[in-house]
Ligand code: UDP
Ligand code: MG
């Protein structure tokens, strides 16, 4: 599989709990190269747009509230098979179902506050990366 890119966010709960360093360590140890990275905070509009696909879901308002309540670390990551391998590294959406050793199993508390985001396709990785970063911020 060729080198490609995925997009991640260390979500507000992970940042609040001081897990930035431990999660980045795990990401690096798993072979991902950091292409872009910043500490930032999403506005309500940002979060509504970013998660627009979930706008009809019952958890949408809580999701927007959660994702805007504090800073996040946004990053673009590169590796062979990055999108799929990163989803494997983070584990299932619900940490209770996530495999041992995955980031969500280690650092997440619940299906809603689950520590990290990972793109689910190459197309979404591109869209989500462009949402947070300009070309000059990618290396
Ligand atoms: N989420 C939630 N309740 C649910 C499902 C999802 O609060 O029942 C939140 C959770 O933060 C999740 C995000 O909405 O990460 C996006 O949901 P998705 O199904 O895309 O999960 P992911 O791709 O993040 O694993
Ligand atoms: Mg998703």
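Residue 1 is the first one shown; counting continues down the chain.
Even glycines carry a Cβ here, placed using N, Cα and C.
Look at TrEMBL and you will find 3-137 tagged as domain 'Nucleoside diphosphate kinase-like'.
Long-range neighbours of residue 11 (ATP binding site) (same chain, six or more residues apart, CB within less than 8 Å of its CB): 66, 67, 72, 113, 114, 115, 116, 117. What TrEMBL lists as ATP binding site is 11, 59, 87, 93, 104, 114.
Packing around residue 117 (active site, pros-phosphohistidine intermediate) is summarised by its Cβ count: 21 other Cβ atoms lie within 10 angstroms of its Cβ, all protein chains included. Taken from TrEMBL, the feature active site, pros-phosphohistidine intermediate covers 117.
The Cβ of 87 has fewer other Cβ atoms within 10 Å than any other of the binding-site residues 87, 104. Each of the binding-site residues 93, 114 was scored by the number of other CB atoms within 10 A of its CB, and the lowest score belongs to 93. In the vicinity of ligand 1, defined as a Cβ distance under 6 Å, the following of the binding-site residues 11, 59, 87, 93, 104, 114 are placed: 59, 93, 114.
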